[in-house]
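Enquirer: Dropping the structure in here first, questions after.
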């Protein structure tokens with residue numbers, strides 16, 4: 001007789017009573033689990049969960065901001081060096097951002113498979129993302145190396161000093177791409193596994209190592225931009241190896257045994273095709289979005305080194321503020337995809353409302369901080385008076401759009417959780433084609449200033465905000 005069998009003397013009525021008792025115990029356990037889940041969706045719980053996500057997202061932009069500050073204060077004539085650094089990094093950032101599909105699709109698909117307890121699909125998603133990141137990183141690095149002179153010529157840098165420094169720094173900046181993309185893909189897998197704290201700690205340590213290596217070579221050793229770039233590439237490679245090791249060592253607790261036995265043989269071909277289609281949709285979205293950012297640099301470069309240096313500072317602060325809000329987006333993707341995978345649509349509404357409230361509050365708070373610290377922040381990046389004047393003129397626009405950016409990033413995370421990849425692609429294509437590109441062309445031909453160039457980018461983000469709100473609240477909300 002098994003341990004769970006009823007004793008021989010139990011009557012049928014006793015058996016019914018025992019069965020009801022077991023059902024009541026199960027109902028109590030389900031009620032406790034539901035209460036715990038509801039508690040995890042409270043404003044306070046989401047805010048606490050977002051802190052490691054914010055650290056995870058803002059670590060790299062903060063390290064890049066620190067590097068930009070180092071460049072601005074490490075040379076007697078810093079403005080051409082800042083311009084060369086900014087132009088090169090704009091191209092590298094474009095390529096890295098285009099490959100962002102390996103992160104967001106991994107997070108969304110892994111979280112959804114985890115919620116639905118489809119272990120084969122979960123493992124397939126992660127391994128495919130790591131392989132894609134490695135291949136894309138290597139291919140992009142090779143392409144940028146072969147096309148380096150054409151890209152630098154297209155940037156139309158205004159002085160020979162800018163062009164010389166950008167050309168010297170280029171190979172080492174390109175060298176960082178493969179490990180950077182692999183690190184991002186592995187981080188996305190860890191977040192999809194619900195190991196947000198681990199991913200945050202890893203990215204914070206990697207960012208700190210990048211900044212310290214850059215400072216040591218550029219400032220302490222005065223070895224120049226190429227040596228500093230090589231040091232950052234080395235630290236990125238070490239971080240990527242550590243990230244992959246963590247992914248392989250830390251599968252989700254609920255799926256640990258299944259994942260270790262899994263060989264992905266049970267995954268239907270349709271799931272693989274669906275993963276590829278989702279990746280393609282997000283890839284096109286990344287090309288459009290990152291292309292809009294890169295085109296700003298191409299539009300600003302002819303205005304001279306002072307404008308390009310000011311543009312670099314604006315762009316870096318834009319990224320830091322936006323990626324701080326992106327921490328909330330990661331929580332939305334991580335929790336939202338799992339809720340939808342488990343069919344918890346009513347709780348998805350609660351998550352959406354609370355994330356929206358936190359996004360608005362965070363965006364307004366960041367805008368107030370930028371406004372209050374304008375002088376100190378500007379002078380932390382540059383000593384050039386022409387660049388300072390340009391930054392001061394553009395500062396009100398940066399502050400005004402920060403809350404809008406926060407909403408855009410938060411709702412991007414929710415859109416990924418709902419796997420609205422085609423909608424994101426189409427909405428951004430319309431925004432770039434009908435709003436951003438015509439506005440930028442008009443600015444360059446009629447009123448070519450740094451502030452006017454940035455207004456075209458702001459118009460695109462207002463469009464993105466509107467379409468994201470429409471998708472969530474106008475289309476999906478009624479089905480939840």
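Any Cβ shown, glycine's included, is placed from N, Cα and C.
These figures come from a predicted structure and were not determined experimentally.
For reference, TrEMBL lists these features for the protein:
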TRANSMEM  90-110  transmembrane segment
TRANSMEM  122-147  transmembrane segment
TRANSMEM  205-225  transmembrane segment
TRANSMEM  231-251  transmembrane segment
TRANSMEM  355-374  transmembrane segment
TRANSMEM  386-411  transmembrane segment
TRANSMEM  423-444  transmembrane segment
Enquirer: Residue list, the transmembrane segment (386-411) vs rest of chain: Cβ under 8 Å, 6 or more residues beyond ends.
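Expert: Same-chain residues near the transmembrane segment (386-411) but 6 or more away: 79, 306-307, 309-310, 313-314, 317-318, 321-326, 328-329, 332, 355-356, 358-360, 362-364, 366-367, 370-371, 374, 378-379, 450-451, 454-455, 458, 461-462, 464-465, 468-469, 472.
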Enquirer: Quick test of the contact rule: Cβ under 8 Å, at least six residues beyond the ends. What residues does that give for the transmembrane segment (231-251)?
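Expert: Result: 67, 123, 126, 130, 172, 175-176, 179-180, 182-183, 186-187, 189-190, 193, 195, 198, 202, 205-206, 209-210, 213-214, 216-217, 259-260.
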Enquirer: Where else in the chain does the transmembrane segment (423-444) make close Cβ contacts, counting only residues six or more beyond its ends and a cut-off under 8 Å?
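Expert: For the transmembrane segment (423-444), the sequence-distant neighbours (Cβ-Cβ under 8 Å, at least 6 residues beyond its ends) are 281-282, 284-285, 288-289, 291-292, 295-296, 299, 412, 415-416, 452-453, 455-457, 459-460, 463-464, 467-468, 471.
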